[in-house]
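Enquirer: Take this structure, written in structure tokens, and hold onto it; I'll ask about it next.
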2 protein chains.
Amino acid sequence: MDLDRDQLSINAIRVLSMDAVQQANSGHPGAPMGLAATAYTLWTRHLSFDAKNPEWANRDRFVLSNGHASMLLYSLLHLSGFEAMTMEQIKNFRQWGSLTPGHPEAELTPGVEVTTGPLGQGFATSVGLAIAEAQLAERFDNTIDHFTYVICSDGDLMEGVSHEAASLAGHLGLGKLVVLYDDNAITIDGTTDISFTEDVLARFEAYGWHTSRVADGNDVEALDAAIEVAKEESDKPSLIAVRTIIGFGSPNKANTSSSHGSPLGDDEIALSRKELEWPHEERFFIPEEAYAPFHEASDRGAKQRAGWEKSLEAYASSNPDKAAELTRRLAGELPAGWKDNLPKFAPDAKGMATRASGGKVVAALYKALPELTGGSADLAGSNKTLHKDFGIFDRNKRDAQNLHFGVREFAMAAAANGICLHGGSRGFGATFLVFSDYMRPALRLAALMHEPQLMVFTHDSIGLGEDGPTHQPVEHVMSLRMMPNYWVLRPGDANEVRECWEAAIERTDGPSGLVLTRQNVPTFDRDALGTRGDATRGGYILAEAPDAKPQVILIGTGSEVSLCMEAWEQLNEAGISTRVVSIPCWELFEAQDASWREEVLPAAVTARVSAEAGVTFGWERYIGANGVAIGLDRFGASAPYEVLYEQFGITTDAIVAAAKNLV
Amino acid sequence: MDLDRDQLSINAIRVLSMDAVQQANSGHPGAPMGLAATAYTLWTRHLSFDAKNPEWANRDRFVLSNGHASMLLYSLLHLSGFEAMTMEQIKNFRQWGSLTPGHPEAELTPGVEVTTGPLGQGFATSVGLAIAEAQLAERFDNTIDHFTYVICSDGDLMEGVSHEAASLAGHLGLGKLVVLYDDNAITIDGTTDISFTEDVLARFEAYGWHTSRVADGNDVEALDAAIEVAKEESDKPSLIAVRTIIGFGSPNKANTSSSHGSPLGDDEIALSRKELEWPHEERFFIPEEAYAPFHEASDRGAKQRAGWEKSLEAYASSNPDKAAELTRRLAGELPAGWKDNLPKFAPDAKGMATRASGGKVVAALYKALPELTGGSADLAGSNKTLHKDFGIFDRNKRDAQNLHFGVREFAMAAAANGICLHGGSRGFGATFLVFSDYMRPALRLAALMHEPQLMVFTHDSIGLGEDGPTHQPVEHVMSLRMMPNYWVLRPGDANEVRECWEAAIERTDGPSGLVLTRQNVPTFDRDALGTRGDATRGGYILAEAPDAKPQVILIGTGSEVSLCMEAWEQLNEAGISTRVVSIPCWELFEAQDASWREEVLPAAVTARVSAEAGVTFGWERYIGANGVAIGLDRFGASAPYEVLYEQFGITTDAIVAAAKNLV
């Protein structure tokens, strides 16, 4: 009987989930138990995957946005035969060194597409996956052609980022995005009606989504049919609200928030086994028959993969250039000579804003790297990231590198993560630096996932002037430096901009933020200055003391490097041997070998002055106990930027005075 | 003729806006010109205000969520006779020291209710204003009874925080919230259809809002009627979509994004004066007649204020206790003896989690401070902030102190700002510390506005254990310390929790975050330890060396103070004179006088070890060049917390070894 067969496998998910949570003595059994039939239907009847080849490029993507239901995903991976997901791993749920952490981690566990847990972001990241799929499909003649499936919870849909992403997905008409909403009417704090009474489906229809409802989340046929209809909807993303029962199978805890985030307890687990008619008392025992439907699905996927690989060979014959590009991009390799045509900037005392030189570099990068895909959150003109020659991605044009994200910073960053995670494309976004706060949770996930997401952050200090303190980042540069595995790059002139972009592009294991000015800065004459090193080393000697025996070192980043240079001239003229060090990227500088760091910042030279138009907190690291940090430990103000620099004492005079004081 | 009279005043807004932006040579003329009639209708026909008494408690609140349209608000304030908003201020738009910064700042300019500019937040903050109004209205028998009006833009409605806030407002049935949506179909990057094609009104209906449309944003009568209908809708918040023309009046730039964010230029301004039939060529000249409708509105408001003050006197006769409470709360004063019944905790080696002691303190605070109003973003059980005795605010019960915010951290923080800004209530929120990232922009605005918003951040480190790195804050404590005017309080035991809460409650000029553990920590025996000072001083000497001549100082915060205490015992036993300093709040410690700071951390004792389960970056400030920082410069992992502390080397042994190494 098929029904029994389905039921056995569905209950296997429930049993594994409750057993693993119990063994860990922590975790979330309710959602996996409620969602078991939904996930089973999706995975065995729709999802195209090959458990033996989790990285197959044309697999359907599956995102569990409510990451706390991680045992659902681990159960699916185990039952489907993903080799890494042994029963031993399930037994080690939430333990040190396991592949089964409390929330799924893409960087850790084969078969996990997106690191989830922080609610809303799995949903939003899936929009990026679907964007990348649509883009690659059109560019490579449907060689890439798959669905993106998401399971999400009410919590995901309450989070603002899901609104931004849903609105964007509806606008873009991402028809191959199918979201199953776990409509279980229970949140951690109780029933959803204590805080969440909106009409979710009507809202998604307003976004331009196809919506439907499955009244019984245990009805495999109804689930199957709803997914089928959603897949046929080619112009609209789909949201299927599935009415599930949290903790289904637990006689006393089903449909209550007590099954949400705690183990059921041994007694309740025994009762649940009875309720589910699960004959095996032994913990973690799963009969072979329960694996069968999943293995069949994976075998089907393996055939699809084999067929896809053949079609790729045929494509390589008929379209060798495109096939080579696709292969390169899927491998994550940069094209030979990609740096050759990046702009080099001649010395220029007037110079240009680093957002302007950044715009020139981005234009060249778009050309050199067709995988570069992104845009701005409605500040393209200010960020200088829009280059229309490379097409604008919308519902009528998919083979395009520019995206209009709208005023949706957080969804932009999450989508950029999804574009990177898909493979084949490289996602980037752009906005003012102050709005990095709006997307910070997605920057953090990029860092945690080791995804090389890119962000252009312009208007990077009080140097933006009149817009005032709401728009002036003060703490942002330093606070982003706090984030593990995040690179902050704040170049000081146009050539540093190019070098910082090079370093960011070459980075494969984490995200980078380019921090750029609104106001002009000079382009330095490195030949004349005896520059040693460059921005690709994170920090370097921009200008040496005439006698190469510095008494004092001035350390700057970004627009304040030029203040250091002015001070350098005055100090050397005054007979104080002075060196200028530019450290556009602290993380990269700290990754250099000790000899370079000592060469740049010799321990013996303790007279040091730093200049950065932001909080001074943190500069202790480079200036030591004796040093002076020139900066701004308060919010900014609205006025022309020259006035602000003067009022806040971030000036050449201040640097000169501090240096003289020290020596 | 009334129409001409209206038109003159409406055009006065347009003229002032284009002149001021031109004079500043930066700013946003388009939105004020497009919204002039909308704002005129609201201010002259509906808004209850008294320009001579901008702080009148029962005034209607007006929030300009699209803060870049600041010249609209400054024009309204000037025309209405707000004394501070002289023509001189208008002429100094965006200049140093003026009351007319690029974006409106509540802390700076009388009549500005909310600091806006970062999009979406004005809208979300207004939900907090409306919550406070509803709460005070029910508690004080409609002594407080006013509307909250908002003007917002498409950008506001694209931002996720507005979704969260709109869903919450619909759920709560905040009928006295009326939002006018500037539906001008233009964004910075072009027409809205490049990124924003959803059906906004249908979406708001799905949230449970009343919606309507005004087809011509220059039609004063239609605007008037729509606002009237919205005011009559008592159970639902209202969204009125007003089709405006950005830059209306400018013959060549109206209805284009070029009027959005740049001055029109002298020639276009001359042409616009003609188009608007404005006879006065002189910049900034406004004829007396243009002021009249605004002055009449203010005079009407002044009468309402006088009437309200009389009714308050009557209320004081009939309900002296309640009236006294209202008066106290509106004055922002704490009740006498409010601290008397806060729990004191006996020494206890086993102790309790600081979230648990925090929960006990919050319960006592709810009782002592009826103005304390807030709750959790669906983590009330974990945050220990729900105390049902004090009522749950919902559409049927307004006189209540608990709020269920749902999984909406950002809207929670913005609403908490609104509750504080209203006056009479004190807003707080609660979630896991890692999700402070989701609300960071609203914490920043609280700091900028000097609003004493409160946040409870539990699960404050790897100490949360099995949930893993997505949920383990690592960089958050330090990165929040970077934010100007934000207080981070990370108490080390139950009594520090009480003291930190006291300091946070007494703070009037900025926000505070209480950072609390999931895991147990001991309650220290201060009498036995010879403790000097306490947490209200930010940092203090928890345990002195037996000879009071410390060779080494151990500095900890939060749960790591107990590791320092264990190390203290071992080190003193080993004959190394050791002091333990706890610094739960760096900001507060740094505000102490120099002698206290020197007493706690004598400059002469350079052998220092810090312990904090987070990034070590930043600890250079207290440990100096020789010190050792014990912490975690990477993301965490999923495992029981004891395992994590051991694996990451944040242990008593590590502290002891570091200290021995130093001396």
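In case you wondered, yes, glycine gets a Cβ from its N, Cα and C as well.
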Enquirer: Looking at the Mg(2+) binding annotation from TrEMBL, with A:N184, A:I186 already listed, which candidate in A:D154, A:D216, A:D219 is the matching residue?
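Expert: As annotated by TrEMBL, A:N184, A:I186 share the Mg(2+) site with A:D154, chosen from A:D154, A:D216, A:D219.
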Enquirer: Here's one to test understanding: among the binding-site residues A:H28, A:R355, A:S382, A:H459, whose C-alpha is closest in space to the C-alpha of A:G155 (thiamine diphosphate binding site)?
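Expert: For A:G155 (thiamine diphosphate binding site), the spatially nearest of the binding-site residues is A:H28.
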Enquirer: So which recorded positions are near A:F435 (thiamine diphosphate binding site), with CA atoms within 10 Å, out of A:R355, A:E409, A:H471?
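Expert: Passing the 10 Å Cα cut: A:E409, A:H471.
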Enquirer: Taking the center of the Cβ atoms of A:D154, A:N184, A:I186 at the recorded Mg(2+) site, which other residues in this chain have a Cβ no more than 8 Å from that point?
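Expert: These residues sit around the Mg(2+) site: A:S153, A:D182, A:D183, A:A185, A:T187, A:T191, A:T192, A:T244, A:I246.
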Enquirer: In the three-state scheme derived from DSSP, which category covers A:I186 (Mg(2+) binding site)?
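Expert: Its secondary structure by DSSP: strand.
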Enquirer: Which of the binding-site residues A:P118, A:G155, A:N184, A:I186, A:F435, A:H459 have a Cβ less than 8 Å from any Cβ in chain B?
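Expert: Cβ contacts with chain B under 8 Å: A:P118, A:G155, A:F435.
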Enquirer: Among the binding-site residues A:N184, A:S382, which residue has its Cβ surrounded by the fewest other Cβ atoms within 10 Å?
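Expert: Candidates: the binding-site residues A:N184, A:S382. Fewest Cβ atoms within 10 Å: A:S382.
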Enquirer: In the three-state scheme derived from DSSP, which category covers A:P118 (thiamine diphosphate binding site)?
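Expert: DSSP assigns A:P118 (thiamine diphosphate binding site) to coil.
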Enquirer: Round to a whole number and give the Cα-to-Cα distance in Å for the pair A:G117 (thiamine diphosphate binding site) and A:H28 (substrate binding site).
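Expert: A:G117 (thiamine diphosphate binding site) to A:H28 (substrate binding site), Cα-Cα distance: 12 Å.
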Enquirer: Going by C-alpha positions, which of the recorded positions (A:H68, A:P118, A:D154, A:I186, A:E409) is nearest A:H28 (substrate binding site)?
Expert: A:H68
Enquirer: Averaged over the domain 'Transketolase-like pyrimidine-binding' (A:352-523), what pLDDT does the prediction give?
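Expert: Within the domain 'Transketolase-like pyrimidine-binding' (A:352-523), the model's average pLDDT equals 98.
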